[in-house]
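For reference, TrEMBL has these:
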REGION    1-38  region 'Disordered'
COMPBIAS  1-11  compositional bias 'Basic residues'
TRANSMEM  47-69  transmembrane segment
TRANSMEM  89-114  transmembrane segment
TRANSMEM  126-144  transmembrane segment
TRANSMEM  175-193  transmembrane segment
TRANSMEM  200-220  transmembrane segment
DOMAIN    266-360  domain 'Copper resistance protein D'
TRANSMEM  273-291  transmembrane segment
TRANSMEM  303-322  transmembrane segment
TRANSMEM  469-493  transmembrane segment
TRANSMEM  514-537  transmembrane segment
TRANSMEM  549-573  transmembrane segment
TRANSMEM  585-610  transmembrane segment
TRANSMEM  635-656  transmembrane segment
Amino acid sequence: MERGPHARRPRTYPGWVTRTTARGPASDAARPSRGGPAAVPATAPAVLAWSVPAMVAVAVCALVVAGALTTAFAPQLLLDPGPVVRWGLPLATVVAELGVAVTLGGLFLAAFVVPPGPALARTTGIVAVGSGVWAVAALARAVLTAANTVGLPLDGEGFGDQLGVYLTQLPTGQALLSIALVAATVSVLAALVPSATGALWTSLLVVAALVLQSLMGHASGSTSHELAVSSMMLHLVGAAVWVGGLLVIALLRLRGSLLDEELPVVLARFSPAAAWCVVLVALSGSVNGVIRLGGLEGLSTGYGVLLVVKTALLVVLGLLGWAHRRWVIGRVGGAPALFWRLAAVELLVMGAVSGVAVALGGTPPPDDNAPPPDPTPAYIVTGRELPPEPTLARWFTEWRWDVLLGFACVAAVVVYLRWVRRLRRRGDAWPPLRTVMWCTGLVVMFWVTNGGPAVYGSVLFSAHMVQHMILAMVVPLLLVQGAPVTLAVRAMTARKDGTRGGREWLLAIVHSRYGRFFAHPLVAAVNFAGSMVVFYYTPAFEYALSTHVGHLLMTVHFTLAGYFFANALVGIDPGPSRPAHAQRLLLLLATMAFHAFFGVALMSGEILLVPEWFGLMGREWGLPALEDQQRGGEVAWGIGEVPTVFLAIMVAVSWSRSEERVAKRRDRRVDREGDLEMDEYNAMLERLSERDRRS
């Protein structure tokens, strides 16, 4: 059948050409061929045309049903803001959650998965739109939350003044407003910087916004505040990448931006990340459920019922993801329709989970984690009861779990062992001692951040210094011997299609100007020693004690500072321009001398650091706060000397081995070419001897 003059023309993209056949122009666009047949974008199945909008509809329906079954959105007895606020707030929250999922999932795809070209441009365009929706919904959420908090409708008398106070002076309002501003900024950046590098840096802003969000809601008032906040961080990030990644892939397919040969590659790259996200969501959700249920009897409450429904839906999602990995992704090139049918079902279930999750967040948990009626001084200061008096056994039997740092340690061990297995499968060797050192370092770090040092480090300065010294000096020394960067570069597959995977990003960061700057031996030494003084004698110390985010930043900073310093002296990983061994010893001695002066200053100090924290614990055991601080100075000096000795020995051994390698290379060159220098020297002696005989 011939096409009329007003027939719809095929869509084309910049850099693409329209392929023609004997019947006329094809309806699909193709990229310029590189010596082969033109590539044609895959035709999106009809199921996708309705699955994406249906996902939003299912999320709203699930929210309405879940809210009707519980008291989440029921009228309040006092200061009821009206039905518009009660139902508008969860609806705005659902839209914001889907918007941030599209934003972070799309940024992840742009940074790690999608090949450059029309697909990448379309991905960043979707991110710009998604983050714009997120910004509007987040702003609406902030306004509606303010109305719900003060108990006034949007047109109530005096609400404008109350809104200004809420958004500018109250922590929750400031956080909600900051999230909306971040979302708007991300929308602009995604439109202006449509590249993989821009996507990676922009995603950090999104993660920061999710960290702010994790500090609100049920987690903010929990007595297990640190555990609740850490698990919520993992939950939000994992869910956003998982849901948003699949949703953006579906949108790319709908828009015709993924080619037939690109789809299997994109899915194969996204699948491992989705699997890790499933683990994150399952682990963090379980932790949050245990914290807020308060026991099995909590399952009979409205909160418990919604939690069971959400858990069941997540199990279904996990099974669908497993089916994708097990049977579908490897054959998607030959049978894409099966994948998209499963993906459509997965999107619908994700929508239901999103709606139930928002309703769950608005439902009071059975365990309200209310503070005790007669709180102790330690509880008033730290939010926790004072632990028992420390003994040698309790350093290893007392635990306070940090799911974020604990998961990071376990994941690092798992990934490292998988890389080692990958090398062995292809016949490459990896020293077992390096594996042992890496695993030992992470086991020590797990104990330091979850065990006795974490329990007592928040109430005793000396215990805090034990935790700090192990994180900064013992753990990095062990991790450096594991040579993780070298192993990663050897184990991960290099990409050749212009995208950046883990290997490419790792090498780009290591060899970037910022990576080389912080890895420089002198900078690493100054950062290692100087940051201790800056940290302990500024408000940063109090911030790390009083907030969980500050504690996480402290842990990451000092572990990385110690790693950079140890790697500059005795590591084999690429990055720093290592000086001669004699200069390394001088740098080590100078740094440790400064470290010793820091310890002596604490030992002789007569002013208590953060007195409103350590001085108000109400401890009936242990030394007084100032004497305990002076003991912390002894710990800083004493523990610092042991790793220093090991570092000096390792530098000396490395120096000796370097000299041996130089000597062996010289011997091989002499055996191969002869010793020209010695021959010339002997010839000179013969000439001198001959001249003496003649004279």
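Keep in mind that glycine also has a Cβ here, set from the backbone N, Cα and C atoms.
Heads up, TrEMBL stuff is auto-annotated, nobody curated it.
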- Item | Interface-richest range of 89-114, 549-573, 585-610 toward the transmembrane segment (635-656), CB pairs under 8 Å | 585-610
- Item | Most Cβ pairs under 8 Å with the transmembrane segment (175-193), selected from 126-144, 200-220, 549-573, 585-610 | 126-144
- Near the transmembrane segment (469-493), which same-chain residues lie under 8 Å Cβ to Cβ, leaving out any that are not at least 6 residues past its ends? 416, 419-420, 422-423, 428, 430, 433-435, 437-442, 444-445, 448-449, 453, 501-503, 506-507, 510, 528, 532, 555, 558-559, 561-563, 565-567, 570-575, 635-636, 639-640, 643, 646-647
- For the transmembrane segment (200-220) against the transmembrane segment (514-537), do we get 3 or more Cβ-Cβ pairs below 8 Å once near-sequence pairs (under 6 apart) are dropped? no
- Sequence-remote partners of the transmembrane segment (89-114) [C-beta within less than 8 Å, at least six residues beyond its ends]: 55-56, 59-60, 63, 67, 72-73, 120, 123-124, 126-127, 129-131, 133-135, 137-138, 140-141, 144-145, 148, 183, 186, 190, 194-197, 199-200, 202-203, 206-207, 209-210, 237, 239-249, 252, 266, 269-270, 273, 354-355, 357-359, 361-362, 499-502, 505
- Do you know the mean pLDDT across the domain 'Copper resistance protein D' (266-360)? 82
